């Protein structure tokens, strides 16, 4: 139930966004960010393989961190310097909330076991602190890492959609939380949910 506000009053998905867009790493910092994400991707893909739900939960608990860290640090910086953020605080905090809703949706669908919840807890703790320190050292590198993480998320959800389309994964009904948040039709399915989540990730790049 939505006790404070209705999500559609502040958020709307755009599935027409280009999901193929890629930022080619040219500068050293771009390459550093790119290969950092690639290094993180290898063990993750080896561990989860085609376990899309578990992969999505881990992905979203990580993806929800950058917006909150960036928004928090920019908020404090704005207070210290007595200057505006140019709208970035609001944008980053809204991104964090959007990613959190992705996680809430997949939790409804996957019904994770205690050990899966423990994994999410551990990964979030490690990533939050690592990203916090990275942002303090170089906000540009931190934002670029986020961009490449989102590109990987788009690719992962594209693979998820392929498995839903070819019948390798059951296309179950969409949970109520997703229907409310994205204002989906009542008869929407998991495929519809994954499609709007992929669009969100593409928007966050």
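The backbone N, Cα and C atoms fix where each Cβ goes, and this holds for glycine too.
For residue 99 (Fe cation 1 binding site), the same-chain residues 6+ apart in sequence whose C-beta sits under 8 angstroms from its C-beta are 60, 63, 64, 67, 200, 204. As annotated by TrEMBL, Fe cation 1 binding site applies to 60, 99, 102, 201.
Marked as Fe cation 2 binding site by TrEMBL: 99, 150, 201, 204. Taking a C-beta cut-off of under 8 Å and a sequence gap of six or more, residue 201 (Fe cation 1 binding site) has these contacts in its own chain: 63, 150, 153, 154, 157.
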Which listed residue (102, 204) has most other Cβ within 10 Å, given these are binding-site residues: 102
Chain-mates of 99, 150, 201, 204 with C-beta within 8 Å of site centroid, Fe cation 2: 63, 95, 98, 146, 149, 153, 200, 202, 203, 205
Around the Cβ of residue 150 (Fe cation 2 binding site), the count of other Cβ atoms that are within 10 Å: 22
Cβ neighbour count (within 10 Å, all chains shown) around residue 60 (Fe cation 1 binding site): 24
